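Enquirer: Pulled these from Swiss-Prot:
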ACT_SITE  Ser477  active site, nucleophile
ACT_SITE  Asp621  active site, proton acceptor
COMPBIAS  221-239  compositional bias 'Basic and acidic residues'
COMPBIAS  247-263  compositional bias 'Basic and acidic residues'
CARBOHYD  Asn4  N-linked glycosylation site
CARBOHYD  Asn157  N-linked glycosylation site
REGION    216-276  region 'Disordered'
REGION    306-334  region 'Disordered'
MOTIF     443-448  motif 'GXGXXG'
MOTIF     475-479  motif 'GXSXG'
TRANSMEM  469-489  transmembrane segment
Amino acid sequence: MSINLTLDIYIYFLNNARSLCGKQRSKQLHFVCSKQYWRMNHVNVHREFHTSKKSCKWNRSEAHCSKHWHSPSNHGLHFGIVRLSTSAPKGLTKVSIHMSRIKSTLNSVSKAIFGSQNEMVTRLAQFKPSSRILRKVSDKGWLKQKNVKQAVESLKNYSDKSAGKNSLAEQKSYFADKEEDSGKHSLFHYTYGITTRFGESFSVLANHINSYFKSKGKMSQTKEDKQLQDKPDLEERKSSSPGPDTVADRPDSESPLEVKDKLSSPTQMPEAHPVSAKQSIANFLSRPTEGVQALVGGYIGGLVPKLKSDPKSPPEEQEVSAKTEQAVNKDKKAEEKKRVLLQQEKIIARVSIDNRTRALVQALRRTADPKLCITRVEELTFHLLEFPEGKGVAIKEKIIPYLLRLRQVKDETLQAAVREILALIGYVDPVKGRGIRILTIDGGGTRGVVALQTLRKLVELTQKPIHQLFDYICGVSTGAILAFMLGLFHMPLDECEELYRKLGSDVFTQNVIVGTVKMSWSHAFYDSNTWEKILKDRIGSALMIETARNPACPKVAAISTIVNRGQTPKAFVFRNYGHFPGTNSHYLGGCQYKMWQAIRASSAAPGYFAEYALGSDLHQDGGLLLNNPSALALHECKCIWPDTPLECIVSLGTGRYESDVRNTSTYTSLKTKLSNVISSATDTEEVHIMLDGLLPSDTYFRFNPVICENIPLDESRDEKLDQLQLEGMKYIERNDQKMKKVAKILSQEKTTLQKINDWIKLKSDMYEGLPFFSKL
């Protein structure tokens, strides 16, 4: 690779008086000839003037020197030239120079895009030594104004006209040096040594780079200027004293061969020191043939590692892919092994559960003592509560016939324990009337006093308590409270209404400020802990399934909404019964929960009480999904009594408010939209319309009075509750015929044929597997 040294100033010495200055390309250049490169024939000066042209070319291994002798006596011109630039001439190779520059630029861009980062770093490292040489040469002697003056003064003896021209060259050189010194203040500037013309784009790029690096290089530039001002004498002495870097001041005894040896010696090469960041761009641009290449390569090279990663060799890629595949296979094997182990554990657990169930059933069948039977029955009950999948094994072991026969024993405690385990397994007794009778109560807070007025009228017409009128009672939120008080605790309506009002006054009394703080903290205006404490004191900690011990208790359910299973809320049924194995309900639920937990979960209205966590499920008010549980109750009854017809469904609402004001606006606000969404979720009339159209006539009865005021759920003032009670009574009076029809249906007794069928079914279940006559 050839190394080109470019000088900012060239000095010509012309012996001809016509011209002192020469032109190279578009710039006026001056050259001076050293004594070692020319000689004069002292014998006959006018006859012949011998000059020698010294051309030097350096590369990495050697330096080539050549002499060209000229005898221009015909032209009367005698000159000697020293040229330390090996840049391409302007003559015949002009086109090839431009093409090589374009080719170098394209090669640099292609290498920046497709090459690796290491190749770019190697490419940039090659520019630094030449830039160092350029700085060293330009600073030492040839660019200094005083050296030019000394060279011109030493040549005054040959021509007087040359002296005048040399003064002109001196002024040109002075201004050139001044421009160079002023250009040093900018990081990116144009020097006269650059032979490549950039045009307008060069100025735009230079201004952009100088403005970007100006703040960073300000301190170092100030320090450098100060050092130059403090040592002017030292620079002057260095420029005037002979040195190895100044060609014009070399001694005469030094031959060109010695110069060649020194330049070819690797130990005499100038040491390449790291160049500062503010000078690196100028050094790249100072190279006439590779300036653009260095500039493009220097700026794009830093972006290539970010845009393109280093290509990996095929063995490395294969090794990485093999490791990745091995890791994936290892994970798959571990996952498969874990799945197999889990499956084995489930199988072992299921086998152990089945074995435990068989052992308990066989132990119960071998027991003859009534007291020991109670213990065995309770053990089996707790086992099936913990592992419901064991019910199928117990049925296969003929547990139902034995329990039915055991229920005939005259022991109330044993009979209660047997009724509980039969309800848990899913065995049910026949219904009370001619068909299934269902009572459902909507949610609505303290507006439940409206439903109490309807129930009071039914009790008055039938002369029977509520728990004897219906086979299945289901409620949501406040309706669940009424269902438990009437169906499980068998409270009279007067006592139930009094307790209902007391619960409202105890729970729905809260300071506004305290409630607002609680709302922001737990999203509940009222104290949920107080509500839980009241429920525990009033209801107790008995399990739902334990209520089946009482033969007079109907099937009771409370509805809540699970909000953390899947993307949509799901209804959850707290039951006091279990489904027979093989019967699948559409709704989640269980009978192993406590009664107060069921009411707490069903009444967790958002904004009023905090949501209730029960196990891994998060429960909220059932009214969010099914505020009218009539359809759910009908489905559950079909699962319990699949072969029994439906006699009637009585659905009780807590009052509805319908405004006659019509909004004529063409759009609705966000508040109105949210209110409509909430109203549609808690709407009860759509279910009523659906069931009324699907069920047979005189089967579905809905009682939901229209109230004149939109009373909130947490209303606890007595005057407002009395107003609701009065509106409920007026509604009953207007629908007196409808109430009488319901009372008549509920008062009907079973026919004789139905009673015989029930007796036969009981005997067949009790003596399953025995001959027919033994069942009688």
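Quick reminder: no glycine exception, Cβ is built from N, Cα and C everywhere.
Surface or core, plus neighbours and distances: that's what I need for these features.
Expert: The number of other CB atoms found within 10 A of the CB of Ser477 (active site, nucleophile), across every protein chain shown, is 30.
DSSP assigns Asp621 (active site, proton acceptor) to a strand segment in the three-state reduction.
Remote same-chain partners of the motif 'GXGXXG' (443-448), defined as residues 6 or more beyond its termini with a Cβ less than 8 Å from a stretch Cβ, comprise 475-482, 500-501, 504, 508, 605, 608, 621-623, 627, 653-655, 682, 707, 711-716, 721, 724.
Only residues 6 or more beyond the boundaries of the motif 'GXSXG' (475-479), in the same chain, are considered here, and those with a CB under 8 A from a CB of the stretch are 440-448, 451, 557-559, 602-603, 605, 621-623, 626-629, 652, 654, 713.
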Enquirer: Applying a 10 Å Cβ distance cut-off over all chains shown, what neighbour count does Asp621 (active site, proton acceptor) have?
Expert: 28
Enquirer: Measuring Cα to Cα, tell me the gap between Ser477 (active site, nucleophile) and Asp621 (active site, proton acceptor) in whole angstrom.
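Expert: About 6 Å separate the Cα atoms of these two residues.
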Enquirer: Using DSSP, how many residues of the motif 'GXGXXG' (443-448) fall into helix, strand and coil, respectively?
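Expert: With helix first, then strand, then coil, the motif 'GXGXXG' (443-448) has 4 helix, 0 strand, 2 coil.
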Enquirer: What three-state class does DSSP give Ser477 (active site, nucleophile)?
Expert: coil
